[in-house]
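This report concerns only the one structure given below.
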Amino acid sequence: MSSMVQTLSSMANAILDQPTVIAVTVFVALLCACIVIGHLVEENRWANESIAALLLGLASGAVVLLVRKGQSSQVLVFNEDLFFIYLLPPIIFNAGFQVKKKRFFKNFSVILLFGIFGTIISFCLITLGAFLLFKKIGITSLTMKDCLAIGAILSATDSVCTLQVLSQEQTPFLYSAVFGEGVVNDATSIVLFNAVQSIDISDIDGLTALKLLGNFLYLFFTSTILGIAVGLLSAFGIKTLYFGRHSTDREVAIMMLLAYLSYMVAELLSLSGILTIFFCGIVMSHYTWHNVTESSRVTTKHAFATLSFIAETFIFIYVGMDALDITKWKESNASAGTSIIVSLALFALVLVGRAAFVYPISCILNCTKQGSEEIEIKKQFIIWWAGLIRGAVTIALAYNQFSSSGTKSANVDSMMITCIIIVVLFSTVVFGSVTKPLIQAVLLNNANPLTSRENDFVSLEDLRLLSLENGGPVDNGNNQSAPRRSKLQLFIRHPTSTVHHLWRKFDDKFMRPVFGGRGFVPFVPGSPRSTAGETSDLNNSN
């Protein structure tokens, strides 16, 4: 009997790698502990689950470091593939699936200006600042390509931590703007980073900037179209085949797999997987979700949110533990003073790069009245502040660049990784913990819900546009009917609301009869039903 037990034990050890089992066990235990801690600090104004996970990761890394007597604190080696292939997709998809679409697209011009043009401005300033400052500090082994990469790396914000302290109900505009900018910003930063890798620094001419712009526009639109196409395919397939009559499990499985397939196909085609899976999530929530059974609706809503939550928590624990990897700190061979100076220089560039586009773009939007509401100076400050947090995307890109950058000095590579980790830790803990009290002090104490422009004015304007579009009478104060405006006049005067109104007409007439959605799914016994009074926390787009 004992020999049989030994044989089975040796077989188990041969199948499962012992260090991997230990690592997974540690991380699962930490995830459970973080969920409990997050529940306990839910009402705390200074803490949130992201900060709790990060600090728990740091504490766990310190314990492992002590147990191993200062040799190494690594339980799992940071791997960009693990982050970009397994952890990031569920977070981005759930963001698109759960987004309040009406508010998101009403602020779409704001989101695009901040997320694309703002990121490009920040990228240029951080690149220029890194090129000039590092020479003065005495770091001469970094090439121009490394400085360009640093510009892309530090332009990537981390909206996950920020969104945990912003409320869709209390600050709807800020939540929508910061959330949307975060998704577009991450995609833009990664596209810029990949573009930098493909640039031949020795052969730069005047057409290089135009090539970068053309490449970016190509990636942006093709990635978006791919995500929309996969989302529509899932809606049409589920509506036509109706998997739910046999098994709701198939409905949930096909939605998950198609969403993940869109991300992997985008990466396979060298497109932006982030944009693809984000817009796939939006389309699925608008059409596909209404074509499945009631039980599948509840299941998908909570399953996607749960997967996203676990991935987010795992990332922050991962980053916290990896920050205490003693090997990188030894390889950097830099003094504490040098590390602090470089970290401060990098963070100063982040501050300047963020301010250089938030305030000017906000002023332009206010002057042209293109936003859904005026961006006051207080809101501009909150948008600037909330976008200073850096996270896992920054670290993943830093590892990608400086683990195999080919610079002359490996010490400089390790120093850049450690300094970027310092920036991420400082920004997440300090700015993440202060954001909620700051919003409470700056905005909410003086808020007047009875005069909310977002809640009252916009809805009345939508009704007026609808009446003008149909040629109906609208009182202009002189008991006379206002003349009917053309679509072009309405678009020039109220571009966002007009586009939304025209999209609603097109969607109701052409899209929903083909792809399903609320109000257009035919009733079949046992099939999903959409009633006129049905409301959903998930949709909120109509």
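A Cβ is built for glycine as well, from the same backbone N, Cα and C atoms used for every other residue.
Listed in TrEMBL for this protein:
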{"type": "DOMAIN", "residues": "41-439", "note": "domain 'Cation/H+ exchanger transmembrane'"}
{"type": "TRANSMEM", "residues": "20-41", "note": "transmembrane segment"}
{"type": "TRANSMEM", "residues": "53-70", "note": "transmembrane segment"}
{"type": "TRANSMEM", "residues": "82-99", "note": "transmembrane segment"}
{"type": "TRANSMEM", "residues": "111-134", "note": "transmembrane segment"}
{"type": "TRANSMEM", "residues": "216-236", "note": "transmembrane segment"}
{"type": "TRANSMEM", "residues": "257-284", "note": "transmembrane segment"}
{"type": "TRANSMEM", "residues": "304-324", "note": "transmembrane segment"}
{"type": "TRANSMEM", "residues": "336-361", "note": "transmembrane segment"}
{"type": "TRANSMEM", "residues": "381-402", "note": "transmembrane segment"}
{"type": "TRANSMEM", "residues": "414-434", "note": "transmembrane segment"}
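Counting residues 6+ beyond its ends, the transmembrane segment (381-402) has Cβ neighbours under 8 Å at 78, 80, 83-84, 87-88, 114, 146, 149-150, 152-154, 156-162, 166, 171, 174, 177-178, 181-182, 185-186, 189-190, 193, 315-316, 318-319, 322, 350-351, 354-355, 358-359, 362, 375, 413-414, 416-417, 420-421, 423-424, 427-428, 431-432, 435, 438-439, 442-443 in the same chain. Within the same chain, residues 76, 160, 179, 183, 186, 259-260, 263-264, 267, 273-274, 277-282, 284-285, 289, 301, 304-305, 307-308, 311-312, 314-315, 392-393, 396, 538 sit at least 6 positions outside the transmembrane segment (82-99) and bring their C-beta atoms closer than 8 Å to a C-beta of that stretch. Same-chain residues lying 6+ beyond the ends of the transmembrane segment (304-324) with a Cβ under 8 Å from its Cβ atoms: 27, 30-31, 34-35, 38, 49-50, 53-62, 64-65, 73-76, 78, 83, 86-88, 90-91, 93-95, 97-98, 160-161, 256, 391-392, 395, 421, 424-425, 428.
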